[in-house]
Every structure is written in structure tokens, then in C-alpha cells.
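Database features (TrEMBL):
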| type | residues | note |
| --- | --- | --- |
| BINDING | B:44, B:371, B:421 | Mg(2+) binding site |
| BINDING | B:63, B:66, B:415 | Ni(2+) binding site |
| BINDING | B:66, B:418 | Fe cation binding site |
């Protein structure tokens with residue numbers, strides 16, 4: 001009744017793991033409608049509980065890890081995942097920088113629990129939400145809230161070919177210029193995090209007449225204080241400036257430091 | 001006395017982390033408990049102090065499977081607090097975006113999560129090795145749902161184009177028209193899916209459900225309507241908390257919900273919407289349902305796969321109507337001014353009714369947020385389903401029985417990420 005299908009023993013074994021998250025990044029794999037069956041032929045999808053009942057067994061060649069570490073149990077579980085994985089790739093903002101749930105890192109988690117739960121004493125949680133790299137060695141980090149599915153296919157293909165993934169580390173701003181968009185900040189005075197945000201989304205928000213809100217996290221060596229000065233001249237107050245860096249990648253170092261500069 | 005415990009350690013093919021424990025005494029299922037160990041993320045707490053303009057983006061992150069539902073309940077509730085309403089083409093675009101999410105989410109569940117139970121596979125990818133054309137057809141329809149979300153929302157997961165008051169950018173008429181041909185092809189394929197799933201071998205059962213969903217005078221419900229039940233309840237969204245309450249049980253990080261008057265657990269989702277709104281389905285969708293032999297009320301949870309396929313037909317049909325009549329709005333959003341107030345909204349997520357309430361300060365910052373997702377409302381009922389349905393399968397070998405238990409849970413497409421994942425199953429036979 002619950003056949004496990006026929007696996008090619010030689011295909012690399014893929015596992016998809018979930019920690020604290022919304023499931024969106026692993027859904028990106030199921031959203032690759034045109035590529036999913038090809039990926040399934042090239043790889044043995046050996047552990048992917050959202051998609052299959054096949055149980056954990058043995059070791060995996062590639063582990064995709066979604067979600068952040070927020071409980072004592074998960075802090076132990078990620079050690080086991082690392083031991084079972086030849087390569088470990090984090091997918092998305094939660095696994096790479098702690099996610100939106102890392103807003104607790106700037107607050108009191110007991111107070112948070114008392115707001116949501118009638119019986120906070122039933123809840124076992126850590127005071128912080130932390131990225132996977134705080135706990136184990138990570139071989140590659142794919143950014144985004146959510147990840148871009150084209151980039152996911154690139155990372156899986158690169159792994160199969162034994163090469164480094166071709167995912168640019170420049171800013172959304174550069175991607176936006178390459179796309180030929182009119183600058184929303186220069187032309188319309190719309191606050192935009194594009195100059196400090198990691199590329200990967202295809203400069204989506206500016207393409208929809210909206211400022212970038214930083215869901216791919218900071219680029220390499222961003223100049224956030226300079227951008228903040230510009231945002232301030234566009235009328236953002238200190239509180240708004242702090243909030244703009246404290247969303248889906250609040251715990252990422254460059255965004256955390258900049259948000260703390262605007263503590264009231 | 002003989003007794004037995006059946007346990008499922010981690011429930012597969014559901015969105016999130018959870019388990020299941022069932023106790024059997026003298027051949028009778030005496031208790032069934034879902035244990036949800038999805039780590040809490042505290043959305044209602046972290047929303048406080050944020051600007052109302054940020055709510056749709058933050059709320060979306062509750063669930064990667066149904067972000068549009070969270071965005072829609074958020075914008076409607078905040079617009080209620082601000083005393084504005086979105087009408088005309090902007091309202092149509094929201095409805096079209098919701099069609100996209102229903103198509104995507106239902107086809108994911110029907111083909112990748114639920115169908116493997118009926119055809120005897122561990123998952124959709126394994127099933128595709130023997131039933132490649134079926135899976136490809138399902139993925140093709142799902143892709144059209146994603147294309148709607150990508151056009152209107154910017155991307156399929158956590159769309160970026162939704163804002164309080166409308167959208168950041170409204171699509172051009174030509175962009176929408178380009179969807180038409182693919183929608184028509186997907187509609188034909190969805191009608192084939194209804195016929196295909198109607199032929200599955202279903203356990204013979206009917207449950208006496210209390211159905212709860214939205215009802216709108218002229219439409220099958222997505223964004224708007226009153227909250228109604230099969231027992232006569234008929235209230236606006238602002239009276240939700242007076243009629244329903246959430247409570248906390250130790251085994252679960254998801255809150256359970258119940259009606260304040262009456263002990264029976266209630267059901268939200270496709271079966272409830274369908275039973276309470278059959279006559280508001282398009283003639284084509286009604287015809288497909290009749291052909292599939294499910295009548296205007298379906299109380300066999302295993303047949304929910306047919307209802308999801310029928311709702312997919314409806315969503316494609318409705319999307320085609322919206323595309324055909326679309327005229328570009330004068331502005332992509334209406335003007336919004338912050339003010340103090342409280343706002344309420346319920347909309348129909350693919351998995352059922354999703355309630356939001358926000359209290360705003362005069363500067364538009366969020367003072368309080370309350371969110372009741374469909375899966376927390378359905379938890380009690382899923383446990384009742386297990387208690388009443390699993391008894392018929394107790395003669396099966398342990399592995400098959402465990403599989404039946406999982407299938408019984410998957411009937412309701414629980415989204416545990418939302419409800420704050422699923423399944424460990426323990427069957428205690430003593």
C-alpha cells in the first residue's frame with residue numbers, strides 16, 4: 001500500500017529538512033513544475049516529509065535545510081542532520097539569518113509567549129531564533145524570503161556537477177539597473193533597500209513600482225549608514241529606519257548593526 | 001481488556017511538523033490526539049508596533065503555502081479599521097489572485113499530497129514513475145495558478161504587490177488577456193481531474209459535520225461574506241470572537257478552536273464551503289460535481305479530493321470571467337489615511353476560513369493582532385474523524401493501519417506551519 005517507488009541506487013541522495021519556518025522555501029522545489037520530475041530523475045529524493053512518507057535512513061549526499069533554530073530539540077536535531085549530510089545547503093532567510101521569528105531576539109520571548117498562548121508554560125522555546133551556521137558548518141547559503149526557484153535549480157545543478165553555484169552576490173540595485181527599471185528612489189522618492197540588499201529576486205519590487213524591502217538580506221559589504229542618511233532625507237524617522245532593517249533578515253549582521261544604530 | 005496504541009512519529013505530506021496518538025480499548029478507539037510540535041514563531045506578538053502598511057508582508061510569512069490568504073485577511077481587516085473598502089477592478093484583482101492560490105494549493109494537495117494515498121505510493125514523485133501523465137497534468141494546472149500569482153502578486157510565494165488599499169502596480173489589460181488561453185486549457189484539464197479522482201476507491205462513510213464557512217449573496221466565497229454554519233449561525237466577521245474561542249492544550253503548539261455555544265467540533269475548508277455554497281458555484285462546476293456523483297453536500301472526508309478538484313474548476317472558470325471583464329483601474333490603490341480603530345475580517349484560505357483582527361493606534365501602528373488559522377479550527381474535528389473512522393480499519397496490519405490514520409488526517413489538508421507540522425502517530429492498544 002505504501003510502496004517506496006523504485007530508486008536508482010547510484011543517484012545522489014537528497015534530503016529536505018524543516019526547522020522553524022513557513023514551508024515556503026521547500027515548497028519552491030514543488031513549485032518547479034517544469035523541472036521537478038527531471039530533478040527527481042537526476043536525484044534520489046530520499047527524505048522530504050512534505051512530499052513523501054519515505055523515512056529517514058542512513059546518510060544523504062545533499063541536504064537542503066529550511067528554517068531557523070528556536071528550540072532545544074532543534075538545536076540537537078541540526079547536529080544529527082549535519083552528521084548525515086555530505087553537503088549541507090541552507091535555503092531561505094530563516095535558515096540563513098534567523099527569519100522573521102528572529103524579531104524575538106530584540107524582545108523578551110516570555111512576554112511574546114504570554115501574548116500568543118494562554119498557557120506559556122506549555123511552550124518550550126529558546127530566547128533567540130538563530131541561523132543554521134550558528135550551530136553547524138554550512139556549505140552554501142541560498143538567500144531569500146522566499147528563495148528564487150531558478151536559483152534553487154542552479155544550486156542543485158551545481159551540486160550535481162560538482163561546481164560552485166553561479167548566484168551573484170551584488171546588490172538588487174545593480175540587478176535593477178541591468179533590467180532597465182526607472183529608479184523608484186530617484187524618480188519617485190520611494191524608500192528602497194535595493195542599494196544594500198543581496199541580489200537574487202530579479203529586482204522584483206521596483207519592477208512593481210515599490211521600494212525593495214530587503215527580503216534577500218544584506219549584500220556583501222553594504223554601506224547601510226549611507227543609505228539610512230538618504231532614507232532619512234526622504235522623511236523616514238528613526239523608528240521607521242529601525243523597522244526597515246528589522247523584518248525578515250533582522251539577525252543578519254549588517255542589518256542588525258544598522259537597526260541598532262537607530263535604537264530610540 | 002485488550003488495548004493498543006498506534007503512533008505516527010512524524011506525519012508526512014502535510015505542511016508542518018506534528019504527530020498522532022490513538023488509544024484503542026477492547027476494539028474501540030477511545031482517544032485520538034494530534035500533537036503539533038511546530039516551533040512557535042509568535043506572529044501576533046511581533047506584529048505589535050509595526051506600521052499597518054507592513055501587515056500584509058509580515059502576515060504572509062505565517063504560511064508559504066497560502067500567503068495570499070494571510071495577505072487578504074490582513075488587508076480587509078485593516079481596511080475595516082480604517083473605514084475604507086476596495087471595489088471595482090481592484091476588488092476583482094484580489095479575487096483573481098485568490099483564484100491563483102486556490103488552484104496552486106488544491107492541485108498540490110490533490111496530486112502530490114492526497115492522491116498517493118489512493119494509488120498506493122509514498123509520495124507524488126514516486127507516483128510519477130508509474131503515472132507520469134497524471135502527475136504532469138496536475139503540475140500543469142498548478143503552474144497556471146502560480147502564473148496568476150506571479151502576474152498579479154509579483155511571485156507565487158510571499159507576493160510583493162499586495163497593499164492595504166489595493167496593489168502597488170495594476171496589471172495591464174494585455175497582460176491579463178495573455179493568461180486566457182492557458183486558463184482555458186487548464187480548465188479542460190481540471191475537468192479531467194474531477195472525472196479521474198471520482199473513480200477512486202473511497203471508504204464508505206458519512207460524518208455529521210457542523211460546517212462553517214463564509215457565504216456571500218452573489219459569489220462563491222473568497223474575500224467577503226458572512227460567517228454561516230450548517231446549524232443556522234449567520235454573523236458578520238466582527239462577531240467571530242463572540243461565537244468562537246481558541247484554547248490551548250498541552251500537546252500542541254497550535255491553539256484549538258471551538259464554538260462557544262455547543263460542544264461539537266466544527267469543520268472549515270472545501271467540504272464546508274461546498275456544502276454551504278453549492279448553488280453559488282458556476283454552472284460548469286456544479287455540472288462537474290454532479291457528474292462526479294457527490295451531490296450538493298459531501299460528508300465523506302475521503303471524497304474531499306473530488307471537492308478540491310471541483311473548486312479548482314470553479315477557480316479557473318471564475319478567473320476566466322474576471323480576465324474577460326477586466327478594465328484597468330484609474331489608480332492601483334485607493335488613498336489611505338491612518339486612524340485609530342479596530343478592524344475584523346475573515347476570508348476563505350484554500351484550507352478554510354481565516355480570521356484576523358487588528359487594533360490600530362492613531363499613527364497607524366498595530367497595537368494588537370489576533371489571527372485564527374483554519375487548521376487550528378479543524379484540529380478538534382480531525383481528532384473526532386480519527387475516533388469515528390479508524391475503528392473500521394483496526395483489523396489491518398500495523399503499517400496499513402498507520403497509513404489509514406495518516407490518510408484520515410490528510411483528508412483535511414492540515415497546514416501545520418500555519419496552525420503554528422505534523423505527524424507522529426502512536427496507537428495505544430494497551
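Just so it is clear, glycine is given a Cβ too, placed from its N, Cα and C backbone atoms.
TrEMBL does not curate its annotations; it predicts them automatically.
Positions of TrEMBL features highlighted on the structure.
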residue : record              : Cβ neighbours (10 Å)
B:44    : Mg(2+) binding site : 19
B:63    : Ni(2+) binding site : 30
B:66    : Ni(2+) binding site : 28
B:371   : Mg(2+) binding site : 23
B:415   : Ni(2+) binding site : 32
Checklist line | Rounded distance in angstrom between the Cα atoms of residue B:371 (Mg(2+) binding site) and residue B:63 (Ni(2+) binding site) | finding: 12
Item checked: Cα-Cα distance linking residue B:44 (Mg(2+) binding site) and residue B:63 (Ni(2+) binding site), given in Å to the nearest integer -> 14
Item checked: Cα distance (Å, whole number) from residue B:44 (Mg(2+) binding site) to residue B:415 (Ni(2+) binding site) -> 18
Notebook entry, point to check: C-alpha of residue B:66 (Ni(2+) binding site) to C-alpha of residue B:44 (Mg(2+) binding site): distance in Å?
Noted result: 18
Check: Secondary structure at residue B:63 (Ni(2+) binding site) (DSSP, helix/strand/coil)?
Finding: coil
Next item on the list: Report, in sequence order, every one of the binding-site residues (B:44, B:66, B:371) having a CB within less than 8 angstroms of a CB belonging to chain A; if no such residue exists, report 'none'.
Entry: B:44
